[in-house]
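Participant: Got a structure for you, written out below as structure tokens; questions coming shortly.
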Amino acid sequence: MEDKQQSNGVMKDNNELKKKVNWSGSLIVASLTGAFGSSFLYGYNLSVVNAPAGYIKKFYNETWERRYGFSVDEGKLTLLWSITVSIFAIGGLVGAIIVTPIVKFFGRKCTLVLNNVFAVAAALLMSLSLLAGSFEMLILGRVIMGIDAGISLSALPMYLSEISPKEIRGSLGQVTAIFICIGVFTGQVLGLPEIFGQESRWPFLFGAIIVPSLIQAVILPFLPESPRYLLLEKHDTSKAEKAFQRFLGKDDVSHEIEEVLAESRVQRNTKLVSILQLLRTRAVRWQIVTVVVTMGCYQLCGLNAIWYYTNNIFSESGINHETIPYVTLSTGAVETLAAVFSGLVIERLGRRPLLIGGFGLMTVFFGVLTVSLTLQNTVHWLPYLSIFCILAIIASFCIGPGGIPFVLTGEFFQQSQRPAAFMIAGTVNWLSNFAVGLLFPFIQAGLQTYCFLVFAGICFAGATYLFFVLPETKNKTFHEISQAFANRNKVTLEMQEMKDYPGERKSSEEQESNFTSSVDNGETKKGIV
């Protein structure tokens with residue numbers, strides 16, 4: 001009995017050691033650098049326009065008056081400002097649509113590196129718009145920055161999901177959400193009056209975009225490409241082996257390569273699937289529906305409405321108007337801390353409870369917030385309850401719905417399907433983003449504080465769907481996740497692949513034979529005892 005306990009203790013220690021080895025230096029640097037130049041900039045550009053809004057509108061008016069000899073009317077000024085804010089989503093939609101051929105041709109890592117060209121160009125246009133006296137430069141810069149965000153929010157999760165071991169795939173995937181939150185918070189901090197939140201300094205808020213872009217462009221080229229991309233799409237076993245070795249921090253990567261080859265054998269091909277082919281593939285029907293639901297709820301769950309009401313609620317609580325920008329920092333801090341917490345516990349709790357629990361808690365707190373806002377003039381302490389609800393809704397969003405949809409999109413689909421899946425997810429994401437920006441003012445005007453009941457209903461519907469449909473994907477291979485959906489899709493993976501790709505089975509078997517020959521010749525046995 002004592003020997004058995006000792007043996008179990010040794011096995012436990014070995015497992016813990018294995019988990020520690022998984023976090024190699026290259027893996028950490030790749031995830032942090034990739035996120036800093038990608039999802040960080042997305043979050044930053046969501047919040048950076050809030051602080052200088054008054055100064056930018058003044059710049060629009062002065063430019064209009066200098067050109068045409070009269071001030072722009074209030075309606076046109078509002079329209080110009082609305083275009084400036086919402087056109088970021090249009091650019092994001094363009095980026096999401098063009099990302100598939102780019103990641104196919106250049107690869108995941110090179111796409112992230114080249115994407116910095118858009119970010120630098122956008123930063124220069126926006127930061128020089130005041131000096132040039134052209135508000136069109138600012139609007140064009142927002143479009144280009146949106147394209148950058150649309151590409152990066154697909155390429156980055158794809159890259160992270162393909163370079164990380166399955167044991168930490170969720171934690172590494174949450175880096176995307178964590179850096180979005182850090183970007184939002186950084187935009188709030190730099191927008192303070194003591195820093196760049198002044199009439200003469202607001203262009204520096206946009207010029208700062210260059211810094212993360214240059215850091216990513218300098219560091220990322222020295223890190224490996226996705227080993228799965230190299231092995232399955234470029235058929236370069238040698239480079240794939242070296243990439244695995246660097247990311248996993250060990251010489252013996254035969255198990256990882258065989259795992260990828262096993263997926264290739266099941267897939268029967270590695271030819272990229274188009275969106276139309278993916279939509280016609282019965283074996284991924286529920287995966288697609290689940291991605292659409294999670295991405296739609298990600299944007300439509302009402303977080304944008306929270307930002308809209310924050311200043312008013314803080315004011316109603318008796319907080320001085322000049323102090324509100326500093327108090328608002330608490331929302332960004334809570335957002336960041338909740339995202340970090342999610343990254344720390346996702347591999348213990350799993351994706352399913354965090355995602356369902358997040359939407360469920362948002363439903364509850366939206367309901368309480370509706371009551372407190374409706375009755376806040378009758379009870380003196382209700383505004384403080386409203387503040388608590390705002391922070392609770394933000395935290396609930398960030399522990400699950402804020403990042404896990406990106407993780408799931410990378411986990412649900414095989415290598416050949418992943419680019420098309422991310423294009424679908426990105427399109428839903430950006431269209432929903434645009435819809436919120438377009439429709440929310442009308443919803444708010446018509447329903448007032450009761451508008452939060454709409455978002456509570458969306459969150460409840462999302463949580464209910466996920467409760468009945470979403471399987472747990474923690475510590476599972478891509479093939480195992482596909483098998484978890486097989487019963488719901490009412491088809492086995494092998495039958496579906498033979499039906500969809502009957503002419504490619506021979507070529508895939510030849511490819512498998514080539515891979516096997518490479519293994520036998522020693523290409524993947526370097527360092528193997």
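Using the three backbone atoms N, Cα and C, a Cβ is placed for every residue, glycine included.
Per TrEMBL, the features are:
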TRANSMEM  21-42  transmembrane segment
DOMAIN    31-474  domain 'Major facilitator superfamily (MFS) profile'
TRANSMEM  79-100  transmembrane segment
TRANSMEM  112-133  transmembrane segment
TRANSMEM  139-160  transmembrane segment
TRANSMEM  172-190  transmembrane segment
TRANSMEM  202-223  transmembrane segment
TRANSMEM  288-309  transmembrane segment
TRANSMEM  324-346  transmembrane segment
TRANSMEM  353-375  transmembrane segment
TRANSMEM  381-408  transmembrane segment
TRANSMEM  420-441  transmembrane segment
TRANSMEM  447-470  transmembrane segment
COMPBIAS  498-509  compositional bias 'Basic and acidic residues'
REGION    498-529  region 'Disordered'
Participant: Would you kindly list the residues that approach the transmembrane segment (202-223) from elsewhere in its chain, counting only those six or more residues past its ends and only Cβ-Cβ distances under 8 Å?
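Facilitator: Residues 26, 29-30, 33-34, 36-38, 40-41, 44-45, 48, 51-52, 55-56, 109, 112-113, 116, 119-120, 122-124, 126-131, 138, 141, 145, 187, 190-191, 196, 246.
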Participant: Across the domain 'Major facilitator superfamily (MFS) profile' (31-474), what does the pLDDT come to on average, as a whole number?
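Facilitator: Here the predicted model's pLDDT, averaged over the domain 'Major facilitator superfamily (MFS) profile' (31-474), is 89.
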Participant: Counting Cβ pairs closer than 8 Å, which of 21-42, 112-133, 288-309, 381-408 has the most of them with the transmembrane segment (139-160)?
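Facilitator: Against the transmembrane segment (139-160), the leading stretch is 112-133.
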Participant: Counting only residues 6 or more past its boundaries, what in the same chain has a CB within less than 8 Å of a CB in the transmembrane segment (381-408)?
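Facilitator: Apart from its flanks, the transmembrane segment (381-408) reaches 153, 157, 161, 169-170, 173-174, 176-178, 180-181, 290-291, 294-295, 297-298, 301-303, 306, 309-310, 313-314, 316-318, 330-331, 334-339, 341-343, 346, 351, 354-359, 361-362, 365-366, 368-369, 372-373, 375, 425, 462, 470, 473.
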Participant: Taking a Cβ cut-off under 8 Å, which residues six or more beyond the ends of the transmembrane segment (172-190) line up next to it in the same chain?
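Facilitator: Non-local partners: 27, 31-32, 34-36, 38-48, 50-51, 153, 156-157, 160-161, 163-164, 196-197, 205, 208, 325, 328-329, 331-333, 335-336, 338-340, 342-343, 346, 398, 402-404, 406-407, 410.
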Participant: For the transmembrane segment (21-42), could you work out the same-chain residues 6 or more beyond its ends whose Cβ comes under 8 Å from its Cβ atoms?
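Facilitator: Distant contacts of the transmembrane segment (21-42): 109, 112, 115-116, 119, 145, 148-149, 152-153, 155-156, 159-160, 163-165, 167-168, 172, 175-180, 182-183, 186, 209, 212-213, 215-217, 219-220, 223-224, 246-250.
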Participant: Counting only residues 6 or more past its boundaries, what in the same chain has a CB within less than 8 Å of a CB in the transmembrane segment (353-375)?
Facilitator: 294, 297, 301-302, 309, 313, 342, 345-346, 382-383, 385-386, 389-390, 392-393, 396-402, 404-405, 408, 449-450, 452-453, 455-456, 459-460, 462-463, 466-467, 470
Participant: Go through the chain and flag residues at least 6 beyond the ends of the transmembrane segment (447-470) whose CB is under 8 A from any CB in it; none is fine as an answer.
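Facilitator: Hits for the transmembrane segment (447-470): 286, 289-290, 293-294, 296-297, 300-302, 305, 351-352, 355-356, 359-360, 362-363, 366-367, 369-370, 373-374, 401, 408, 440, 488.
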Participant: What residues elsewhere in the chain lie close to the transmembrane segment (112-133), defined as a C-beta under 8 angstroms and at least 6 residues from its ends?
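Facilitator: Counting only partners 6 or more residues beyond its ends, the transmembrane segment (112-133) has Cβ contacts under 8 Å with 34, 37-38, 41, 59, 63, 66, 95, 102, 106, 140-142, 144-145, 147-148, 151-152, 155-156, 159, 202-204, 206-210, 212-214, 216-217, 220-221.
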